[in-house]
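Notes to accompany the following structure.
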Amino acid sequence: MKEAGVSLGPTEQTVLLNSGTRMPLLGMGTFRLQGSELVSQCVEAALAHGYRSFDTAAVYGNEAAIGQALGALLPLHGLARSDVFLTTKLGPRDQGKAEAEAACLRSLEQLACGYLDLYLIHWPGTQGKPQGDKGNRERRWESWRVLEEMHHAGHLRAIGVSNYTLGHLQELLAHSRVPPAVLQVEFHPELPQRELWNFCQQHGIHLQAYASLGCGQLLGRAEVARVAERQGRTPAQVLLRWALHQGVGVIPKSVSPTHLAENAQLWGWDLSPEDMAELGMMDCSRHYCWDPSGVT
């Protein structure tokens, strides 16, 4: 087990967050995973292949299905609630003191999990408000105060943010009583987020990647294919290991049991300096998802 912000070796599978919580470096992402039957099938496959972390969000609309699936399946795998790490996120429409408190309690009820291992503010802005709205800063600050209170009350083992820029993060650290444990952002060879990565390293914040495959667009890149051939691995495994090599957690999503199994085979091997250099040449600051740089 390593502390947040420390580079990880090929066998490390967990990271110690600044909250004292141990977090698996590999989690199952659930964006766009809909329907109780499909959710149950994917959670079943993930548990069978060793996943012990699940990432969802209020805006995904699947918290209740995930809670039901875990409640039914954990005992069948000889597991308890404490054996899995569960993350969800505050929806952008729920920024602000009263809204954030109600939303957090709603997620706890939907997931039927007793407590959350990690709760993130999903977006620095507010749904329905312009990105440049000056009230964004005050609303997300009110939301963070709610997260701090819920953390102190024991409902949230760790708290953090998602899609924050360096400026958003610096602002938060300057005023928070509880520092964020995790920053979740889009992170892949075409968007390596060097400034954010360095800042998180310096401040003990664990960086977690979403869209590690560039929404699938990076799987066919020549650089990725060459590294995959040298390593005898799939392109997806190479892209996920690229993040882990830098101490960055990953939450790949798939409805394919085969891909879920392949995506879990990330330990006991690593990328060479040559591999990292070749993948490093792909940096072009390209977002495939949301760009928060315009949010005041």
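Every residue, even glycine, has its Cβ placed from backbone N, Cα and C.
Just so it is clear, the model here is predicted, and its values are computed rather than measured.
Taken from TrEMBL, the feature domain 'NADP-dependent oxidoreductase' covers 26-279. The active site, proton donor annotation in TrEMBL covers TYR60. Residues annotated as site 'Lowers pKa of active site Tyr' in TrEMBL: LYS89. Annotated substrate binding site per TrEMBL: HIS122, in sequence order.
When pLDDT values are averaged over the domain 'NADP-dependent oxidoreductase' (26-279), the model yields 97.
A gap of 11 Å separates the Cα atoms of HIS122 (substrate binding site) and TYR60 (active site, proton donor).
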